[in-house]
Structure formats: structure tokens, C-alpha cells
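Colleague: A single structure is presented below for examination.
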Amino acid sequence: MSNGDSKKPLALVAGKGEKLREVTEILTGGEGYRIETANPGKIEPYGDEPGCVVTDDAGLIEEVDGDGGIPTVLVSDGSTRVSDAVDAGATEYVETPVGDADGRLLRRRVERYIQDTREGQNRRGETEPQIAKRRHEAFFNDPDVPVAILDTDGNVLDANPKSAEYTEGEPDDFVGKPFWETDLWGTDERDPIMEKVRRASEGEYVGYEVEDTDAGAKGYVGTGSVRPVTDESGEVTSVIVSPRGATGGNEREAELERNRDLLKHTERISDTGGWELDVETGEQRWTDGTRGIHGVSDEYEPTVGDGIAFYHPDDRGRIERLVENCIQNAEPYDAKLRMVTADGEVRWVRTVGEPVEEDGEVTKIQGAIQDITELKRHETQLERYEKLWKKIPVGVCRVEADNSGRFLTANERMVEMTGAGSEEELLGLSTDDFWIDEEERKGLAERTEQNGWVTTERRFRSLDGRVVWARITVIAQDTDEDTVFDAVVQDITDRHQREEQLKKAQEIADIGSWYKNIPSDEIHWSDRLYDLWGVECEGSVDYGTFLEYIHPDDRGFVDSSWQEAKEGEPYDIEHRIVRDDGEERWMRETADVTFEDGEAVNAIGVVQDITERKQRENQIERRKQQVEFFNSLLRHEMLNSMTVIRGSTRTALDSLPQDHCVYEDLTRVYDRSDEIVDLINRVRSVLRRISGEGRELAQKNLSDTVEKRVASLENRHRVDTRLDLPGEVYVEADKFLGDVVDNILDNAVEHNDKDEPRVEVSVEQDSGTVTLRIADNGSGIPDERKEEVFRQGVTGKTGGKLGFGLYFVKSMVSEYGGEVRVEDNEPDGAVLVVELPTVDGVTRREVQG
């Protein structure tokens, strides 16, 4: 808003509102003005007269702009009316929030006001009333604000069109007459109005309220104000009269009211509304329908930029461009956009704008708005259905029902199944081009016309020569022109091929099969199924006969499973049968049920004799029970007995001197009892694994366990050890982890034939796996014995290891989820390698040494 001077003019902010400075920044566009804040009446300290004043208090306007020469913008939160702004002497009025569009319009008007002032507030040949009219142009041209300008004697100098709505005449009819003698007033009100004009001519602000019934045959009740306009010297040069509101009624007003009601009713039932934008002033007018679409009350008055502010942020830029293009290039627009109502609901609207031109310049935009949310929802649904129709993984098409069988529509899957290159190619063809048997096509068409719909399975040949098996559902549809067939076509070629393969597999695998027609209750068994069930071949059987062969204890289970299969549940069961010779056999049955229109129509089943498998499972269960028995025997009998032996031996040792003849023998018994208890616990661990009994595992520090066990080894044997351990590495194990390490270490020493046995132990971690390596310098283990040493019962030096010890190691490592193996050591000896999963694959702490 630069005025061309090198020094920026002052924009004075006068008032207490928090948003005033923000509004001023929008108004000035962030350039051209320096913005200062002042208290009322404190203009002089700034040294310059302000270029404009922005305030939120109508009472301050007179103080900061006593001479009326400064453009003043009254900012309101909606509580101050336009007429109040006129009464206060404001040149501009705006309601918050103020958008960029509001700012641009206000800047144009303020700049024009300043330009007029620069050219001389008393232009040569311009009267003071003309100056007053120019100063209040924004309100004088407002179609909703009545304004009249009087000279100091009370004669009407000018009046806007709105003021004439209260009479039967035109504004020019008022000019030259004393204001109180115009048709605006009844006889009883003329003297009071004349007195109020006199007081205003003397510099007093005067309000009025009148009630009249004979004014211009159009009675009304109204309120308003009469205020003086002064020049630079403070002398009253003219008077402005502005009614705040009026009510009245004659035939013309009644007709207008009826038209308004009709418009309101029409807008309500059609979800439409009208609007108008004054390009010059930026003011908007909304009909009640427009207010309803925006979700505001009928009393709501839109401000500059309100229309755009309601649009969705993602669409706001587009509507701004459309409006700007309409103003600049006189181009109408018609757009579908989103808006956000006053209560936050996102709605779709169609908005139309038409430019109104005067002398080649767009002065107004008149338009309409329509709520199209429901229409948009239906369009979205239609688009979704169209996408679904095109992309659904089954063929869908419409063909003519007459003998031509010409394709009318087809989706992508239908085009693909027929081998056509495109939908256009397929639409030029007939179903005759694909049927292998022409009589099948005719028969299908006849049944469809008779029954209304048909479902069947048939073959057809695609354009590229493939034979396609399809499940086809055809429905007859009557259209305005003729009957057509709508078809859903599912490619079942793979299923048909699997059925053929199943038939061949049954012949090879010696299994039985059956086919059941559910509505007729006929079950057809294959020859092999008759053999499996020990029944003489007698053709088809029914469901009741089938159930008679089921073991009585399994009959209820089989029956309920079949009933569930007919409802769509899987059919894969195991049950016993009783053959004609009385032998019981175990069978596994699976079936594939076919449905039409939700009803089970047929089923194909396969039967396999699993008697031998069931016998093996029973043997395993009995063995498990035996293992559990021996485990219990070891726990309750042997462990308890060893506890008694150990305790008695300890008591005897404590009561005898060490030089007693049996003391050494008792010591060996006591030590051996500890070894037997340890051995029993190891055996029980292996038995638990064999029986499948779960064991609670916990996190164990492998590095710490290895370090302690190696130290114990050094105390028990004369051996050279070398350790290479990382920090704390945790694995899932139990209390026998140390025994596993002990067994490996002891084997490495006890069966080492070197004079100076050496054991090297290392732990490495990589990608969630920890590897324990225990290497010795003994004679090693031949390749053919590397697997055998882990078997139960292998013992002696021949194998290089202790029998149960390594069997125990392998069993426990497997329970921990790991693996164990033997490798060659270089240059001599063997390496036992144990791989275990780490906990989270994380090394928890690094240690030295």
C-alpha cells in the first residue's frame, strides 16, 4: 500500500483487541506502511498524521479522526452492525476473521480514499456533501444500508437506492426537499425529525426511533442516527442520516415477502442457494438457502472473504483462482468443490458464478450454490461398482438373448478368459464363436428363458485355442428394448484338472473315493472303497447304509461332521468302521462339497485306511507311558534309596576315625552315591525328552558356565587348558547345562592318550547363534564313528568317548534347540561342536581375559 513517498506512511492501531495488529498487517499487505499502536487521541507524538486508522471501538473513531479526513477501518467480531459503523463515522467495516481476499479488497478502497485525499480533500469544484458521499462510499453503495446526505439546512443533497425502499418513489424524488418533508415521514414525525436534523447541524450526534402508519402509504417502525460531517476546521458541512432498521407492510412488501418465502422453500427442497459479490466493495449477499448450506443461521451476515473461507483448504486455492479469473477476464465458472460448514462437516457443493459487467468492467459476480453431497456419494459408489465390475476375478458379461448371442458388455476377466485382445474385439463376437457344442448353447438359452436363471458347468474354446472349463450362471433380464442374458463365468479349469488327477491318483495310490448326489441321497463308491470296507459291490448306497458301517462310538461324530460340511465347514475326519467280518478299521475321510445358490448339491470324497498308522500311534503312546513309569520309578524309588544310602554313609563316616579299616571304603561309597544321583538325574532328563514332557527353560550365561566348568576340570585332572570367551552370552537351557559341558570336558581328558593332555575351549557368537568348541589333542575319532559316538550304549575307548555321556549331551542339546557334532582337530585330536540359539542374539557384556 505504498503511497509513492520515500517515507512509509503510518498505519495507526487504536484499540484493545488482540487481533487488531494482525488485521492491520493483512490490510497493509505487509508492505508500504509502518504499523504503530496508539492510545485514543495520541496521534501527535508520532509526528505524522496516520495514513489510515484501524480500530475495534466505534467510540474511538471520533477521537482519532475528528476531522473525518483519515480512512478508518472498524473491525468487528460480529457484535457491531454496519449501521453502527456508519453512525460512528467509519469509512470501512470488516468482521473477523479477515482473510487475504478481504485484505486485497480493503486495500483497494483505502488506497482510493487516500488518493482522493492527496488530490485535495476539497477538490476544485467539489462540494462538501460530495466529499462526504465520497468518504462514505462503501456504505453509500451498500445495497443493505440506507443513507441520505443533507445540507446544514436539512435539504436532501443525495440518497442511495436503499433509502427509497421505504417509499413508493425513487431517491431523486428526495433531492432538494427538506428531509422531514419527504415521504419517509408521517405528519406526526416531521417536527421531531426536523429538530434532530437541526441539532446535528449544530454538531450533535442524534439517534432517533419513529413509529408511523401513514408515511408514503407504507407505514413502518424504524430506528437510526443523524450525525454531522465536519471539515478540517471543525465546522459542520453536511449531515448524514442512516436508518438502522425498519419494518412495514403494504401490498408490494407482501408480494416481496411471498416471493421470499417461495425462494426459501424452493432453495430448501433443492438444496440450492443464491449469492452476489460486489467486486468493488467486496461485500456479499447470501440467500437463506446459501446460509443453510453453510450451516449458519438466517440472521448470519457474510463478510468479505466469508464465501472463500468456508471452502475446504485443499479446494480454497482453486475457488480463489476461479473468482479472480471471473473478475479479470469476465469468464463464468462452474465447479464441484468441498466446503466445511460452520459445524465442521465436510460437504460437496456445486458453485456457479456469472460476471455482471458495466462499461466493459466486471462489477459483480452473481451465482448459485447447490449441495451435491448425496449426488457425489452416489457417483463415488457408482465408480466403485464400476471398478469392482471391471476388476472382479470372475467373468461378467451381457449378451443378446436372441439367436445371435452377441456380446453387449464384458469385464476384463471375461475378455481374458475368451482370449480376446480387448473388450472392443469381444463385443464384435457372438457366443457361437466359443461354444464347442452348439446344441449346449441353445439348450442353455432355452432353460434360462423358461426358468429365469440357470447354473451349469460347461466347456468352451477360447480364441487362442484353449479349452476352458467354466461354471456359468445365466440370468434373464428384461430391458426397455428386449430381453438380455447377464452371465457370471468362473474359470474352473484348474479344479477340473485336479479332479482328473485325483482320479488317476486313486488308481495308483490304492485309496477309495465316493461321489454323493445330495438331493437324491445316492452315494456311489469306487471299487477300491468297497474292498476297504469289506462290502460286496451292490451299486449305490444311501446315507443310512453308510452310517451302519460306522463304529457305534463314532457314529454321532461322523453324522455331525457331515451336517456341518453341508453348511460349508471343512470335511476331514478320522473314524472307525466295522466290516462285515467284524474287523474294526480306522479310516480318514475328506470331501469337497459343491454348492449352488447356497445349497449343497453334490460332494466328492476320498477314503484312506489309516489302521496301521493308528496302531503305531498306540504303540508310541504305550511306550511313552512306560517311559513315564520308569521316570517315576527313578525319582521315587532309586533317588529316595540313594538319599538314604548317602545319608547313612555320611553318618557312619562322621562317627568313625579316618584310620578305621572301613573308612576308605565308606568314603568311596559316599562319593559313588553322588555320581549315581547325578547319573539318575541325567537319565531322567533324557527320559523326559523321549516322553515329550516339557521342561521349563531359562536364560543361562554360557560363558560363565564354561569358565566355571573348566576351572573345576583343572582341579580334577592334570590338564593344560586354554579359554577364548566373549562377554556374557545367554542361551535357553536348564540346570543341566553345566553337566553337558562337564561331560564334553571329561571325555576330552579321560580318553586322551597323550602324556600332556590339552583342552582348548572357545565360544563364538554370530547371527543369533552361539558356538561352543571343545578341542583336545588326543587320537581323534574316525569319520565312520563320528555319528555313532552319540548313540545310546556306545562306550569304551574304541569310540573315543563315554557311552551315556555323549548320548546325554546330544539329548540335552536337542532339548535346548541346538545341534552337536564331532569334527577333526588339527593336527591331532577331535573337536566337539555345540551350536545353540542365543537369547535375542545379543552379547550382553564384554569382558577381558
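Using the three backbone atoms N, Cα and C, a Cβ is placed for every residue, glycine included.
Curation does not apply to TrEMBL; its annotations are automatic.
Checked TrEMBL, it gives:
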- 132-204: domain 'PAS' (DOMAIN)
- 333-384: domain 'PAC' (DOMAIN)
- 454-504: domain 'PAC' (DOMAIN)
- 498-569: domain 'PAS' (DOMAIN)
- 571-622: domain 'PAC' (DOMAIN)
- 633-840: domain 'Histidine kinase' (DOMAIN)
Colleague: Let's see if you can do this one: DSSP helix, strand and coil counts over the domain 'PAC' (571-622), in that order.
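Modeller: Breakdown, helix to coil: 12 helix, 32 strand, 8 coil.
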Colleague: What is the number of residues in the domain 'PAC' (333-384) that are helix, strand and coil, as DSSP sees it?
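Modeller: Counting residues per DSSP class in the domain 'PAC' (333-384), I get 12 helix, 32 strand, 8 coil.
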Colleague: Taking the domain 'Histidine kinase' (633-840) alone, what is its mean pLDDT?
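Modeller: PLDDT averaged over the stretch: 83.
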Colleague: Provide the three-state DSSP residue tally for the domain 'PAS' (498-569): helix first, then strand, then coil.
Modeller: 36 helix, 12 strand, 24 coil
